[in-house]
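Asks: The structure's right below; bear with me while I get my questions together.
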């Protein structure tokens with residue numbers, strides 16, 4: 001079996017991670033003691049991807065939980081599925097990172113990192129054939145961003161040929177905790193560009209807008225945002241957890257979605273959007289799901305796909321539905337909006353169907369797209385970064401932990417390069433490609 005090792009770090013990472021395990025335990029028929037109580041063989045067929053079967057037939061998540069303070073972990077432990085995790089896999093410090101990336105990456109986090117790596121190694125040795133890691137973290141704080149990216153680079157050193165998937169929550173002024181979020185996020189992106197293979201971008205701004213506009217919640221809480229995230233994470237990973245053809249492991253997902261190695265930041269969408277506790281009363285049709293899923297209002301990242309072009313995209317439909325109808329609808333979308341897809345990557349939209357729908361829905365769909373419009377989000381963070389950095393605001397918090405201003409400048413230019421690369425491929429046409437090739441041939445001759 002091809003196992004995936006799940007790692008969650010920091011307050012946000014642990015909260016969305018805990019929700020993710022609640023959701024997938026439900027889907028696989030695992031109760032809160034780890035016993036199987038489901039009703040379908042499909043639930044068990046690929047259960048080993050995320051769970052380790054322990055003595056007495058209990059299923060234990062392949063999860064490592066880390067934080068620099070004990071608070072969030074205590075609440076995970078006392079939560080509904082807190083007893084299902086391996087007690088040794090909780091690794092925490094006492095000091096906290098104080099929303100400071102440098103503390104998470106260089107000082108406090110660096111002291112704790114070896115204990116985390118020990119647990120990661122132990123879990124990896126338990127695997128038959130480890131396919132990769134998935135990391136849940138936010139980029140606005142100190143632990144998830146600083147220590148999270150430190151762990152990613154350490155794992156990269158030790159397991160260079162394994163896939164690294166991240167679920168990264170980007171900060172937003174609308175749902176802001178601290179003033180230094182743009183610093184932390186930029187320093188993290190600098191790391192993720194180099195060390196992660198695929199990043200599912202979750203963006204607090206977009207999640208907030210979905211709760212407010214679509215779900216009509218007057219004051220969205222983090223619980224509401226996390227409900228959306230967990231539904232999306234469940235959808236993105238469903239093809240890894242249930243038998244199926246398309247994107248059945250992390251590497252195949254990457255092959256289908258990443259045309260250029262640095263451009264691995266994906267927008268994710270989900271349909272139908274439901275608020276916590278309310279289930280849909282009316283079954284949706286495939287055309288409605290498809291239409292909702294491609295709608296920019298459903299994207300979990302505050303960038304409008306209509307302002308850019310899709311390099312690649314992939315859709316996972318869940319529930320009992322006709323594959324033929326799914327393919328027709330997806331073709332329909334591409335034909336009607338052909339200007340929004342780059343023409344120089346043929347067959348760049350894939351779709352798959354998984355028979356098991358999420359709990360409480362007849363059918364649902366999840367969308368993962370590699371769109372050049374995601375540069376809007378990087379631009380937004382970059383502008384906030386520059387506004388503070390050119391006045392050297394709050395820098396002493398970072399230099400005091402031994403960082404150099406140079407590192408900020410590098411991170412800033414790396415992020416701006418990323419934006420420029422997205423722009424370059426957005427403007428590229430098939431003619432450019434042919435022209436460049438001809439030039440190269442002439443040079444060779």
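Glycine is treated like the rest: Cβ placed from N, Cα and C.
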Asks: With 11, 69, 138, 142, 143, 144, 226 listed by Swiss-Prot as binding GTP, identify the candidate in 48, 204, 256 belonging to that site.
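Replies: Within the candidate list, Swiss-Prot flags 204.
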Asks: For which of the residue intervals 396-420, 421-445 does Swiss-Prot record region 'Disordered'?
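Replies: Result: 421-445 is the stretch Swiss-Prot calls region 'Disordered'.
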Asks: Going along the chain, which residues six or more apart from residue 143 (GTP binding site) have their CB under 8 A from its CB?
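Replies: Sequence-distant Cβ neighbours: 9, 10, 11, 13, 66, 67, 68, 69, 96, 97, 104, 109, 137.
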Asks: Measure the Cβ-based neighbour count of residue 204 (GTP binding site), defined as the other Cβ atoms within 10 Å of its Cβ.
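Replies: A 10 Å sphere around the Cβ of residue 204 (GTP binding site) contains 27 other Cβ atoms.
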Asks: If you pair up every Cα among 11, 69, 138, 142, 143, 144, 204, 226, the residues annotated as binding GTP, what's the maximum separation in angstrom, rounded to an integer?
Replies: 23
Asks: If you count CB neighbours within 10 Å, which one among the binding-site residues 11, 138, 226 has the smallest count?
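Replies: Per-residue Cβ counts within 10 Å for the binding-site residues 11, 138, 226 bottom out at 226.
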Asks: So what sits near residue 142 (GTP binding site) in its own chain, CB-to-CB under 8 Å and at least six residues off in sequence?
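Replies: Expected: 10, 68, 96, 97, 98, 99, 100, 101, 103, 104, 184.
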Asks: For residue 11 (GTP binding site), name the DSSP secondary structure in the helix/strand/coil scheme.
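Replies: Note: residue 11 (GTP binding site) is helical by DSSP.
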